[in-house]
Structure formats: C-alpha cells, structure tokens
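Before any comments, here is the structure.
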Amino acid sequence: MSDLLIMTPGPTEVSEEVRRAMSRKITNPDLDPEFFEFYLGVSSKLQKVLKTKNDVIIMSGEGILGLESACASLIEPEDKVLVLDNGIFGRGFADFADLYGANVVKWDFPYDEKININKLEKKLAAENDFKFATFVHCETSTGVINDAKEITNLLNKYNILSVVDSVSAIGGVPIEVDKWGIDIILGGSQKCLSVPPGLTFLSVSDKAWEAVNDRETPVRGYYTNLQLWQNWYEEKYFPYTQAISDIYALDAALDKWIADQTIYARHKKIAEAVRKTIKRSNLNLYAKNGHSDTVTSIEIPKGISYQELNQLMTESYNVMIASSLGEFEDRLIRIGHMGENCYDAKLYRTLKAFDHSLRELGFELNVELHKIFVNQLN
C-alpha cells in the first residue's frame, strides 16, 4: 500500500517538499529566538492566504481544536449564540457552545443546499441579539459550500460576531477575511494545504479580541484559551511547546501555495469536470447547489456498500476515497480534489478505479467515468 493514492477530503496527499521539510533538524522552540521569528513568518504567510491583517495563531492540534478554542474563549454562561446548521459540522458547533454554557439557538437549513441568504435575512430581522454566530464555510461531510461573504455581511449588519469553520475551504477557494469582515476563521493543516494532520490555525479580529478580553469570568480551559496567545511575540513565550516539525511542514506548503498562481483556477476546473462527469453518468451528486471546489459527495448506488467499495479500490487499485459521517456514513462517498489531490492525473486514476470497482461490484455504469472526465477538462 506504499503507493496508495489518498483521494479523501483530508488528510490529503503530501508533497515531497513538505515531507522533506518535516525531516529538518529541530531546535527548542521555547528557547530559540530564531524560532519565534520563524513562527511569525509562517503566520504572515497564512495572512496572505486569508487576505487579512488580523492576528493569526497556529495551534498544535487538529481543526476541532480551533472550533473549541473559539467557543471556549468567547462564551460566558448564558451568552446567546446562534448556530447555523446545514451539515454535520455546522450542527457540531452547538455541542461546543453548549459545553461552555451558552444559550444556544440553532437554525436548521437543508443539508443538500447552501444556506439560503434570503431566509437567513428574514430570521435575523426577527431575532438578532446574539453575541456571535457560527457556521461552516465548506461542509466536508456533504461537499456543500456556503456563501461566507454574504453570511458575514448579514451578521455584521446586526453587530453579531462571526466564527467560521473553513477547514476544508482555506487554500482551495478564494477567501478575503478583512473585506468580508470575518471575526474568527479557522482552518486545518491536512486539507487544502496538504500538510499532515496536527495543526489548526485561526485569524482573530480586533472585535473578537475585545470580546475575549471583556469577559467577566475566566476562560474555562487552558489549551483552548486564546487569551494566552495575545502577546506571544512581544513576550517571546508560547503557552506550550510547539509542534516544530509540523510547522516546518506548514511553512513549506505555504511557500508552494504562494508560488502557485493557478491554484484557485485549477481547483475550480477540476471540480467542475468531476461534477459534470457524475452528471453525465447514472450516478447522483448529493448537493443540489453550493457545490464545493474542494470535495464532491456522490450518492452510493443501491446494493453497494462503502466497505466493499473501499476494500476493492484500495486493494486492487491503490486508491482511497472516503465515506461520509453520521447519518450519511453509508449513503455518500466523497472525493477530495483539494491541495495535492487536485491534479488531472490523480482524478483520472481515481475515477478509473471508481468506475472499474463499481462494475466489479455489479453496478452497470452507462459511461466510462475516467474518459468522460478527460473530455470535460478540454
């Protein structure tokens, strides 16, 4: 399985440059003055990706750590928090908010569509006394992408802080944090930036810092306390020892990302070709609209199980794709065309393996997926 192609929506394939960066000789990140400058430089590169001048913090832990840290640092008991739920990860924000004692208000939207801006606007006109609102930019579980710009514009209209999970969008679709007025946006290393899992990062606006600092009660946590990061550079102090090799890898990935002038166009082109391929076949896309350029969800045909499909694809073709989560676990398969996965040859190999495996399992496709994909690219 050494040449297994990981075409899941995170973790993704990792480039040779990033693997080499992880093998660099380490220093003591708590004591070496040069590491503080290095960390600041990596944060500055993330600012370029996010198009922000806000503080950017890199934390040791998977993306979930960023979600919980935002909630832990902002919420005081009985704070009214709005959760916009149009997917499993959007719904999950409610668990974190509840954990820290918030008065959670959850507005439900269909899972197979992006959040309807007109419906959201009507709801906010009737009720808007929230400290902050949470939503997911790209729902990795379904491949639905929400209009982060329009949603945050509405939240700003009512002076509601925004906390945005953009884990599977950052680096794969354009994001303009400052122009859109996002207060906290968070990402993860293992998605579009194609670094091994292990890091989460957040940008924090002045308004968000003000809310964190104006608390009347202490933050209920240490590792999740964003206050501890406010003066890290001036004091040359990290709240805990940094995952230095992971940060070396992130730095190399960001250099590659910044140098790639076609990255967004490539993500868009390949995603559209994948979707058009599925539409030409007798398979079905899950999402009705709001299709992400980083992950596509496809309904599993009746009579086929993901376990059988995955076993056949990995053992016979050395290609791995993902199922989904929760109620979608055996209903959807997901192809991650993000970061290092987002190249024509890798999608061709993936769709060919998918095509052949479905046929071997008894599903009669009406087209050859890999050949249609090539036609859609041209």
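Our numbering is plain: 1 for the first residue shown, then up by one each step along the chain.
Cβ atoms here come from the backbone N, Cα and C positions, even for glycine.
Annotated features in TrEMBL:
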- 34-323: domain 'Aminotransferase class V' (DOMAIN)
- K191: N6-(pyridoxal phosphate)lysine (MOD_RES)
- R334: substrate binding site (BINDING)
Query: How would DSSP class the residue listed as 'N6-(pyridoxal phosphate)lysine' in three states?
result: coil
- line: Whole-number mean pLDDT, the domain 'Aminotransferase class V' (34-323), equals 98
